[in-house]
Amino acid sequence: MANAGLQLLGFILAFLGWIGTIVSTALPQWKIYSYAGDNIVTAQAIFEGLWMSCVSQSTGQIQCKVFDSLLNLNSTLQATRALMVIGILLGLIAIFVSTIGMKCMKCLEDDEVQKMRMAVIGGVIFLIAGLVILVATAWYGNRIVQEFYDPMTPVNARYEFGQALFTGWAAASLCLLGGALLCCSCPRKTTSYPTPRPYPKPTPSSGKDYV
């Protein structure tokens, strides 16, 4: 029963991580304008995501512009896009596979070992998805740091980490943790011992004494 609870906890955490990945990919706040320097404009906030750049005015009005050309984007943004989409697709596959292996489901009830293996396979796919998401977010964050400390970058063109990037890191952590818990439901190998040989029973005495 404890193993089933651990399995369910891992699935819930990994599922929340998958939802967080979708939210992080859709949000435009991957990097926000840094207010470091003397000549800053506090009346508006500038932030960019994987698909668009937005400007938020102090009045509450937000204007966004979708990136028009795919080939005009830098390689880091293109790679981050691809990795995040791959992570979402892997998470979707992991959800279907691990659902079949959950002990609370009726699928594969006749074959308990195969059912547990499906849960483990789903956990492994969640681990791969978490690693892919972690690589994507870390790569994008490293690019922000490099541009921020680059002396050739103008002060008014520097950005910092946005909320979507932190959401991506949290989502990757949940996918990794949930996948690890699902992998803990791996079926243990049972040691098979040879069956003991039955000893012949002594024949009952006939009651006759032989001299």
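Using N, Cα and C of the backbone, Cβ positions are placed for all residues, glycine too.
Any TrEMBL annotation is an automated prediction that lacks curation.
Among the features that TrEMBL reports, transmembrane segment is placed at 79-97 (among others). Beyond the transmembrane segment (79-97), the same-chain residues lying 6 or more positions past its ends with a Cβ under 8 Å from any Cβ of the stretch are 14-15, 17-18, 21-22, 24-25, 50-51, 118, 121-123, 125-126, 128-130, 132-133, 135-137, 139-140, 168, 175, 179.
Residues or ranges marked as transmembrane segment in TrEMBL: 118-141 (among others).
Among residues of the same chain six or more beyond the transmembrane segment (161-184), those with a C-beta under 8 A of the stretch's C-beta atoms are 3, 6-7, 9-21, 23-25, 27-32, 47-49, 84, 87, 91, 94, 98, 119-120, 122-127, 129-131, 133-134, 136-137, 140-141, 144. What TrEMBL records for 161-184 (among others) is transmembrane segment.
What TrEMBL records for 192-211 is region 'Disordered'.
Within the chain carrying the transmembrane segment (118-141), a Cβ under 8 angstroms from the stretch's Cβ atoms is held by residues 7, 10-11, 14, 17-18, 21, 24, 30-31, 76-77, 79-80, 83-84, 86-88, 90-91, 93-103, 108, 161, 165, 168-169, 171-176, 178-186, all 6 or more beyond its ends.
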